[in-house]
Amino acid sequence: MFPKSNLTVTCWVWRSMRKLFLLLSLLLSHAAHLEGKKDNQFIWKPGPWGRCTGDCGPGGVQSRAVWCFHVDGWTSHLSNCGESNRPPKERSCFRVCDWHSDLFQWEVSDWHHCVLVPYARGEVKPRTAECVTAQHGLQHRMVRCIQKLNRTVVANEICEHFALQPPTEQACLIPCPRDCVVSEFLPWSNCSKGCGKKLQHRTRAVIAPPLFGGLQCPNLTESRACDAPISCPLGEEEYTFSLKVGPWSKCRLPHLKEINPSGRTVLDFNSDSNERVTFKHQSYKAHHHSKSWAIEIGYQTRQVSCTRSDGQNAMLSLCLQDSFPLTVQSCIMPKDCETSQWSSWSPCSKTCRSGSLLPGFRSRSRNVKHMAIGGGKECPELLEKEACIVEGELLQQCPRYSWRTSEWKECQVSLLLEQQDPHWHVTGPVCGGGIQTREVYCAQSVPAAAALRAKEVSRPVEKALCVGPAPLPSQLCNIPCSTDCIVSSWSAWGLCIHENCHDPQGKKGFRTRQRHVLMESTGPAGHCPHLVESVPCEDPMCYRWLASEGICFPDHGKCGLGHRILKAVCQNDRGEDVSGSLCPVPPPPERKSCEIPCRMDCVLSEWTEWSSCSQSCSNKNSDGKQTRSRTILALAGEGGKPCPPSQALQEHRLCNDHSCMQLHWETSPWGPCSEDTLVTALNATIGWNGEATCGVGIQTRRVFCVKSHVGQVMTKRCPDSTRPETVRPCFLPCKKDCIVTAFSEWTPCPRMCQAGNATVKQSRYRIIIQEAANGGQECPDTLYEERECEDVSLCPVYRWKPQKWSPCILVPESVWQGITGSSEACGKGLQTRAVSCISDDNRSAEMMECLKQTNGMPLLVQECTVPCREDCTFTAWSKFTPCSTNCEATKSRRRQLTGKSRKKEKCQDSDLYPLVETELCPCDEFISQPYGNWSDCILPEGRREPHRGLRVQADSKECGEGLRFRAVACSDKNGRPVDPSFCSSSGYIQEKCVIPCPFDCKLSDWSSWGSCSSSCGIGVRIRSKWLKEKPYNGGRPCPKLDLKNQVHEAVPCYSECNQYSWVVEHWSSCKINNELRSLRCGGGTQSRKIRCVNTADGEGGAVDSNLCNQDEIPPETQSCSLMCPNECVMSEWGLWSKCPQSCDPHTMQRRTRHLLRPSLNSRTCAEDSQVQPCLLNENCFQFQYNLTEWSTCQLSENAPCGQGVRTRLLSCVCSDGKPVSMDQCEQHNLEKPQRMSIPCLVECVVNCQLSGWTAWTECSQTCGHGGRMSRTRFIIMPTQGEGRPCPTELTQEKTCPVTPCYSWVLGNWSACKLEGGDCGEGVQIRSLSCMVHSGSISHAAGRVEDALCGEMPFQDSILKQLCSVPCPGDCHLTEWSEWSTCELTCIDGRSFETVGRQSRSRTFIIQSFENQDSCPQQVLETRPCTGGKCYHYTWKASLWNNNERTVWCQRSDGVNVTGGCSPQARPAAIRQCIPACRKPFSYCTQGGVCGCEKGYTEIMKSNGFLDYCMKVPGSEDKKADVKNLSGKNRPVNSKIHDIFKGWSLQPLDPDGRVKIWVYGVSGGAFLIMIFLIFTSYLVCKKPKPHQSTPPQQKPLTLAYDGDLDM
């Protein structure tokens, strides 16, 4: 019991343990899963890449943020994600800058062909099954970002910075699938010849290939057995036999096993073993260097068999007749081309870092050691290239190149004037517009930091390294013209004053006069005259008392003695009031005695003002004088005080008593700015070279005293106060050292050896980019250096050295005897020779050297013949006979028969074995013929200025006599082209030509300025030019001319209106107009003298009276009156008071006078005051400045163009329109305009500046006729102003010399040579000839020596190919069919593409059904074509015949084809009814349904099929009465019967149901009966009495009802 219980417990424990283990494993796996799940709960998520920062180009850096994410989407600490798979945060990038848009662009290729869209997933049937017109497709194209400069591909992100990427695919349509279209079968061929089984065949050709998934072409051949095989007659075999030769085996050497002890050789026709045994008597060693290279001669065999016309083999004896074909021949053991080992890789072409992403390249090469022979493998490529990338930060940046320029050279006016007048010569200082030039060169760009560290300036390099347009080498410039100051007139002489009023000394002083500058001088040579003149004087006074007198007041009573009040002020020499303490002591008295006349006293007027001085200066002969006077107003009465004598009525005094010799200071021009030690030490700036550069200096000049009309005098004679400065500060010009570029690199010496003994030199140069100035370091003398290249070796000349030919090597004797059984060794063989390459000093060289310098390697092997006993033998050919000078002569050579051949009849046949060969002698007569058009007229080249870069007008020829050329085609007597040097030394015929010279418009010189058009005020001065010659032939055009062919310039001018004015003297005494002269009072007259004076000099010298204005001449006489003693005497009227500036008419003007003597009878005196209104232009005047228009732009006399000045003049005009003195406007303090001159620019007349002609380009063709070469020139400076326009001819062309073309021409393939067989494998050969032609190979090409064509471009395999001639019974391919017409792919009649297709095909011909399994496949060939047409295909059908007709497909041009038409739309060719018409009297109709015969009607079932044919009643009677109805029963068209057969009035249909028309007729009859009944009722009914009611009145409405109206 216990054991059982223990067992139970054990089982239970074991089961419990199993469950526990299972639970633990589940828990562990779950924990591992959770742990793994925990590891997979966090993932890295990178953000988008940021912008590329850093330098422009490939050195940029791009960064992005990287986060650690939980799978639920929330971010976590970075430590939760694994560091190993963390995405990168930074990467290098190409930073795109805006200027990159000029360097990169999208390059888009053409759209590729439209291809079908791939089938959708799960779609089984092709989409083309439902195609109607076209099917959907896709077109792709290549879009890439490229660098414009070298068309290299870069990252697309660069171009995306500027423009979106163009699409790379688009939808398109593909035409529906088009099956292969073939022509109709040709007629059956004739039955094969012979008796027995005969076959005939027919073929067809492909017209259009299958396209767009269409069906492939069907078989193009059909064969069938002839119907009636002809039995062979007795004695004639059923089959024909042909000798079939097989292909030659590979060339091999004899095996040891082929030779047995008996000397017999067992031939192995099929052996292609590579095992070789070299027999010494069968090989010839060709020594090359120290290593032997044997050319081995082996043999090759072929099989010969007899084949029957049905393709079966037959006994060989049935085919052999006269001779047995050759089955073994000598051959060359093939040897492959042998090359040397590859050289080491060259350094990578990219050796620096640049912005280009294009990799570099490196290459390696190998040489040919032995050429391939015997059909061995040709030489492989001898040069190998591959891309390479050199990486690393230590790699230096690639140099960048940019255009650099020197400073502009000095402006040269001569360059401009030479254009206008080639014979112009400098006659004085020139200024104005000119041309300045500079050097333009290409140099390596240096970073700014490096440029600061390095003192060496840039080095010029080749200009081809710089891209982009070069800076202009010349430009217009301007030399400022110098103009002198414009000054005003001299002022009046001042008072005599001390030289220094602050420290007066001595009794001598100076009187001065001034003038001021109206317009400053311009330019470096502009000069101002002296502005102050002085004269010495006595008793100088700097300050003076100026007293004004009042009227006389009586001291007692009303007359008698009295006094005047004096008012004195102290004034300086300028008339300004100053303190009285400055004037001399004592001051003038305040009172002055005077006398008032009593009633009977004589009355005198007041003294007049002192007149102007009679002279401007005094000399020994005369002095200047001034006068004043007074007049008698009333005579004295009885007892009164008498009048003074006439002498007492005038007073005189001296004036301008100074000498006429004026003194003034003169100055020399300012000297150059020089250093002042003290000033320079304080202001200098120190440059990097430690020398003083710029600062402040001083300028000095000499000052000396000049006496007018005498010259220089002692300086103390001139007042020191007006002495000009002799020293002034100036800016020191910076010292400019000459700066030159570094020398360019030496031009490279040739790495390759040089032919001949010519001296090769290399050179370098440097360019002056800054000239020395202001004492700087001068430029070096050497700017160009040249030296001879060292270690330049002469190229050795290599040539081939062939050895003698070896003896003729035949097939091995054992092989030969094994086949023929003859011991005679004769027939065709091969002979070899060694060819080595040697130098000109007979040293061995590599074969590659000779291959480079020669036109190919000489032959190593050639065929030879060992004559047999039966062969004809000859002596060697003699030399050709000498030629005479006659071109008709021939040369010949001879040979003779030798030995027994002289007696053999076949050897006497001169056609087979000619003994004389004749050739035409070379002829030195050549025929020249002009070809092509004449070239442009070409002028000789002109001189070029090396530093200006411009063509010198005087030396360059743009017109005149030149030459034009025409090519010469030279040919020999046979019409073959030869080198043109045989006919002409240059290959051209030339003749003189003339290019008309342009003549510019020529005008005269400027006339002198005319006088001012106005003598007073503002006028115009004019000068003019007139036309001398008109322009023609493209000369400089004329400016705009007037009707008189003149051009004018006008400038304003001004004449001072008071320059010449009338000066009046004092009035004389009044003379009474009384004849008796008894009365001494009353009216009378008085006179005065007038004269015309020039007031411009300030003194008023008398001039001719005609110069003054005659309209303003003052009166010389006037009426006057002397008051009688008893009359009241008044003084003369004083001046009118001033009117306001506005001339207000409400304002009055007043003048007064006072009583001098009362009347005796106490009568009232005349008025003592007068008033008048201020009226404009009567007694009140206004003044204003008047400005002229700007003048034309005025240049200096020596300036042709450039900076000028435009001026305008200022005048003062009265309100009445009359010009007045400028003083009037100045006195009223009117605002003066500021700018009286402005700068202007006269456009320079610049002729078009052209570069020199470039060198002639290479001929557009290497040989032949039709080639052209050209040269061009460029516009350096376009025409400006009225310059000579640029010529339209910037390119010149001429025909190239007609040189002969030499080409290798392959001949046609020969017929297949079987070498004794009737069919089988043979060989075709063709010739390779050197032909000469004039550009196109045609029938006119002639054959010449092979050496003229150079190295042969073809291998032997191109000149020989295997071929086969089918044996009777063999299945073989036909020749190619003709190319079909060009057909386009079209949709709905419109072309789908521009290029069409045409096809041709080859099919097979079966000659025996037994061999049809071995037939080759038919071949289809398609090529593109142009000029195609759209064709459409339609089904055509013939008329029915016994329910059958012919259906075919026809192309739109009428060609019957197979394919092209839709199979679904094919019409039926056989007419049949389903099910068949088996009912009595039924037949199958054209519609394909059963119908009934005539006289029966169809009874149809519900499903539309015929049930039975029911006889039409009465049809028998009509049939029986044939005689009576014969005239009516004419034949009726069965089709018409079928049409109207269904119209019989049968009430039942074939199914027995009532027809619809029966129901219609019944319904219609019922309606008619009801209508008749109703009508009868109305007619019979009694009518009711008629009652009418008045119509109801409707209200009238005026509304318009449009609907009612409508």
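Backbone N, Cα and C define each Cβ position, glycine as well.
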Exercise. Out of Asn6, Asn1456, which one does Swiss-Prot list as N-linked glycosylation site?
Worked result: Asn1456
Exercise. Looking at 1271-1294, 1391-1414, 1583-1606, which one is region 'Disordered' according to Swiss-Prot?
Worked result: 1583-1606
Exercise. Of the listed cysteines Cys337, Cys477, Cys481, which one does Swiss-Prot record as disulfide-linked to Cys411?
Worked result: Cys477
Problem set entry | For Cys1001 (disulfide bond), the three-state class that DSSP assigns | coil
Exercise. If you measure from the Cα of Cys1371 (disulfide bond), which of the disulfide-bonded residues Cys749, Cys779, Cys997 is the nearest?
Worked result: Cys749
Exercise. What's the CA to CA span in angstrom from Cys442 (disulfide bond) over to Cys883 (disulfide bond)?
Worked result: 63
Exercise. Across all chains shown, how many C-beta atoms besides its own are within 10 angstroms of the C-beta of Asn757 (N-linked glycosylation site)?
Worked result: 6
Exercise. Taking every residue in the domain 'TSP type-1 15' (1182-1245), what is their average pLDDT?
Worked result: 83
Seminar exercise, completed: Cα-Cα, Cys993 (disulfide bond) versus Cys466 (disulfide bond), nearest Å, comes out at 40
Seminar exercise, completed: Cβ neighbour count (10 Å, all chains) around Asn219 (N-linked glycosylation site) is 12
Exercise. If you measure Cys959 (disulfide bond) to Asn190 (N-linked glycosylation site) at Cα, how many Å is it?
Worked result: 82
Seminar exercise, completed: Within the same chain, the residues at least 6 apart in sequence whose Cβ is under 8 angstroms from that of Asn1456 (N-linked glycosylation site) are Ser183, Glu184, Lys1436, Trp1448, Cys1449, Gln1450
Exercise. How many neighbouring Cβ atoms, not counting its own, are there within 10 Å of the Cβ of Cys738 (disulfide bond)?
Worked result: 15
For this session: Ten-angstrom check, please: count other Cβ atoms within 10 Å of the Cβ of Cys921 (disulfide bond), all chains counted.
Result: 17
For this session: Can you figure out which of Asn190, Cys466, Cys753, Cys937, Cys1038 (the recorded positions) comes closest in space to Cys883 (disulfide bond), comparing Cα atoms?
Result: Cys753
For this session: With an 8 Å cut-off on Cβ-Cβ distance and a minimum sequence separation of at least 6, pull the same-chain contacts of Cys749 (disulfide bond), or say none.
Result: Val760, Gln762, Cys789, Glu790, Val792
Problem set entry | Least surrounded among the disulfide-bonded residues, given as Cys613, Cys887, Cys993, when other CB atoms within 10 Å are counted | Cys887
For this session: Sorry to bug you, but what's the C-alpha spacing from Cys997 (disulfide bond) to Asn190 (N-linked glycosylation site), rounded to the closest Å?
Result: 84
